[in-house]
């Protein structure tokens, strides 16, 4: 699994808590609120789809009410997931339900666990990656939260305001609340053994057990659907017209030439009396296009993800880099619409290999070949390119991201 170099990879188990009855949301023929339809799909399906497509997720366990097996089966019947999804029955309280999910994961060999409310469908991979980075850097517990912005009042039993509470250092907790797996399992087991059943979230159990909890920035949209009006607003949000967010990213790269037997450009090997010098396979075209894709979502550059100082990338095929960038784009809601590469070289001739290069780009990016362009020009014997000392590439990627009217 590829990770940013600043963090250790995690193997995450996901506990989705879906055993509640949701009485405040009112009764419905669709069942509890996690099975209500928003944007044409049940709430719980939106939640699961976000986790299913997250690279670090290794096992998902959904904790459901014993009476909801048919509801869950109906809701999930169209789900196709490479990440295993299983269900277990929950208990009388959220705390008991979470413990049931944790016990299921005990023999699944996960390093960490993310515990999430099924009725919080509006989180994204940016938040998950933020949490994973803290966990990978050694935090035993990570809580996404938003600073409290409303003015807080304290009232007496008669409903009269008695004080204004300072908002300083106050946060509204969200999920997924995330932990080193064995640590939070042990804390939950100890809480159950001691008869404590009044914890309202998992971070509270961690605090009680003496586990330090690190706060990371949550997302404003990551709200819990509690009332009937929440579900109606969520449906409106997902059903609103989709507006395109078209972004263009540019990338540039250059590699020196040295004596050799050929160069690799756009994943195609071209016999030549020189080769490109570099830490990886030095595919200057794919390196430029990787940067262009990352630029469309502010995800840094190729050196951030694959530093040349890291020996694991020595001689690596640049296919790894471009497919990684394309995956990041898709995880962040992007659709790659076009990829254009311009090669600047005196030799070798690109024309005879252009269609093979376009086919490789189509394969790596998962888009139609008509959306892939490869062009070449000389530098009119000017500069380092003109002296056949190197090859340069300029790439442009067009990606459509989507956002919704509120």
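Backbone N, Cα and C define each Cβ position, glycine as well.
Annotated features, as they stand in Swiss-Prot:
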- 253, 255, 287: divalent metal cation binding site (BINDING)
- 253, 254, 255, 279, 280, 301, 302, 303, 377, 378, 379, 380, 384, 387: 4-CDP-2-C-methyl-D-erythritol 2-phosphate binding site (BINDING)
- 1-246: region '2-C-methyl-D-erythritol 4-phosphate cytidylyltransferase' (REGION)
- 247-406: region '2-C-methyl-D-erythritol 2,4-cyclodiphosphate synthase' (REGION)
- 24: site 'Transition state stabilizer' (SITE)
- 33: site 'Transition state stabilizer' (SITE)
- 167: site 'Positions MEP for the nucleophilic attack' (SITE)
- 224: site 'Positions MEP for the nucleophilic attack' (SITE)
- 279: site 'Transition state stabilizer' (SITE)
- 378: site 'Transition state stabilizer' (SITE)
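Taking the features listed in Swiss-Prot, we show where each one sits on the structure.
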residue : record                                                 : Cβ neighbours (10 Å)
33      : site 'Transition state stabilizer'                     : 29
167     : site 'Positions MEP for the nucleophilic attack'       : 13
224     : site 'Positions MEP for the nucleophilic attack'       : 15
253     : divalent metal cation binding site                     : 22
255     : divalent metal cation binding site                     : 20
279     : site 'Transition state stabilizer'                     : 15
287     : divalent metal cation binding site                     : 27
302     : 4-CDP-2-C-methyl-D-erythritol 2-phosphate binding site : 25
378     : site 'Transition state stabilizer'                     : 14
384     : 4-CDP-2-C-methyl-D-erythritol 2-phosphate binding site : 14
For residue 280 (4-CDP-2-C-methyl-D-erythritol 2-phosphate binding site), the number of other Cβ atoms found within 10 Å of its own Cβ: 21
Spatially closest candidate among 224, 255, 279, the listed recorded positions, to residue 379 (4-CDP-2-C-methyl-D-erythritol 2-phosphate binding site) (Cα to Cα): 255
Closest of 253, 255, 302, 377, 384 to residue 33 (site 'Transition state stabilizer'), Cα positions, binding-site residues only: 302
Among 377, 379, which are binding-site residues, the residue with the most C-beta atoms within 10 angstroms of its C-beta: 379
Residue from 167, 279, 377, 378, 384 whose C-alpha is spatially nearest that of residue 287 (divalent metal cation binding site), among the recorded positions: 279
Whole-number Å value of the largest CA-CA distance among 253, 254, 255, 279, 280, 301, 302, 303, 377, 378, 379, 380, 384, 387, listed as 4-CDP-2-C-methyl-D-erythritol 2-phosphate-binding: 30
Taken over the region '2-C-methyl-D-erythritol 2,4-cyclodiphosphate synthase' (247-406), the model's mean pLDDT: 93
In three-state DSSP terms, the structure that residue 302 (4-CDP-2-C-methyl-D-erythritol 2-phosphate binding site) belongs to: helix
Spatial separation of residue 255 (divalent metal cation binding site) from residue 280 (4-CDP-2-C-methyl-D-erythritol 2-phosphate binding site) - C-alpha basis, Å: 11
Integer Å distance between the CA atoms belonging to residue 302 (4-CDP-2-C-methyl-D-erythritol 2-phosphate binding site) and residue 167 (site 'Positions MEP for the nucleophilic attack'): 41
Residue 378 (site 'Transition state stabilizer'): secondary structure state under DSSP, collapsed to three categories: coil
Alpha-carbon spacing, residue 384 (4-CDP-2-C-methyl-D-erythritol 2-phosphate binding site) to residue 255 (divalent metal cation binding site), which is rounded to whole Å: 10
